[in-house]
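Report on one structure; see the data block that follows.
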């Protein structure tokens with residue numbers, strides 16, 4: 001007797017039911033295009049509806065394609081297709097702008113406050129990830145993991161400078177020059193490694209680069225230096241997928257374990273697993289919000305030099321390493337993070353795609369020197385971390401994902417894409433820690449060195 005084929009589901013929905021959702025979404029987009037956005041836009045519900053339908057649908061399509069699904073086609077479709085839909089006008093530009101300004105940004109062009117939903121998502125996922133990682137592994141590995149990431153990052157920066165020198169890289173229009181080697185470092189490598197969009201890109205565009213190039217506005221500076229980062233964000237997910245296919249079943253893989261010598265990943269102390277309950281999720285979210293608020297206050301007291309997220313991660317590491325919260329409360333936070341992660345990952349990637357300008361992405365790809373430098377950075381961080389991993393006591397594959405790709409500031413959604421596509425979500429805290437701690441170090445070094453070479 002033949003077994004019945006497993007029924008196809010799209011994120012748990014029957015395909016016909018999900019098709020109805022797609023039709024409603026298409027009608028909504030058409031209505032916005034024809035009648036304007038004012039009466040058909042809600043600042044929270046509209047973006048959520050659109051990114052949920054697009055994220056779940058595109059991820060399902062990508063995951064259904066044999067072979068290509070192994071390199072993360074679903075995640076890539078979420079980013080590229082939504083960006084292209086905005087470019088073609090099938091998602092109205094004013095709707096995409098509204099979603100970007102009010103939903104995915106902290107500040108709108110009119111200096112009104114946006115909800116920055118992506119930051120809410122990343123905050124919850126980071127909290128859930130760090131408080132679910134094994135304490136002893138976290139304590140042992142940080143002393144080796146961070147120096148390794150810094151080495152990888154510095155080698156990548158110098159490599160980008162060398163490749164830029166070979167290509168005789170031409171600096172962006174309006175920027176000053178100190179030769180192709182230094183220009184490649186400060187206009188391509190530094191934006192890739194100095195902490196991401198908020199700290200690195202915005203920090204430099206509104207700060208020292210604006211001071212150095214007063215004839216340019218912040219938007220022009222930001223556009224020029226963000227293109228390499230956008231390219232790296234998309235390509236890093238593809239790299240992770242390719243590495244997963246090549247190395248997952250080899251001796252270089254720890255099968256999800258980071259430490260090389262500790263095959264058992266350190267036996268966990270006998271911790272009672274807290275059952276999943278609705279109230280626990282609410283308690284976990286409340287504690288996450290409290291910790292984030294404390295991080296913001298501390299950041300303000302320290303003159304706002306870093307991102308609040310840096311202090312947030314440090315709080316979480318201290319809580320996990322020293323058990324500053326009861327195991328029950330840590331479990332509540334972990335559960336809240338998992339709920340957010342499982343339900344919002346692909347929608348957030350679809351939202352990210354709506355904020356990526358297709359012309360910028362394609363324009364960057366057409367700039368062969370810039371594309372080559374971004375690919376060089378990705379190859380170098382992967383290869384150097386892979387080669388050095390064993391000397392630091394780590395598995396090469398897991399190290400190339402965390403200390404390697406984590407050396408590039410591809411952002412929380414980029415990190416999540418990397419770890420999800422490689423089936424290494426349990427190591428998400430390490431790639432987050434790599435960027436959030438090493439990024440500010442590079443930011444500080446670059447700030448003083450740029451001042452020395454370009455402004456003295």
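Glycine is treated like the rest: Cβ placed from N, Cα and C.
Matching 345-366, 433-454 against TrEMBL, the residues noted as transmembrane segment span 433-454. TrEMBL lists transmembrane segment for one of the ranges 117-133, 168-184, namely 117-133. Long-range Cβ contacts of the transmembrane segment (368-389) within its own chain (Cβ-Cβ under 8 Å, at least 6 residues beyond either end) map to 148-149, 151-153, 155-156, 159-160, 163-164, 167-170, 184, 188-189, 192-193, 227-228, 231-232, 235-236, 239, 243, 252, 260, 395-400, 403-405, 407-408.
Among the recorded stretches 12-32, 44-61, 68-87, 308-325, the one sharing the largest number of Cβ pairs closer than 8 Å with the transmembrane segment (225-247) is 68-87. Remark: the transmembrane segment (145-167) makes no contact with the transmembrane segment (68-87), by the rule of 3 or more CB pairs under 8 A.
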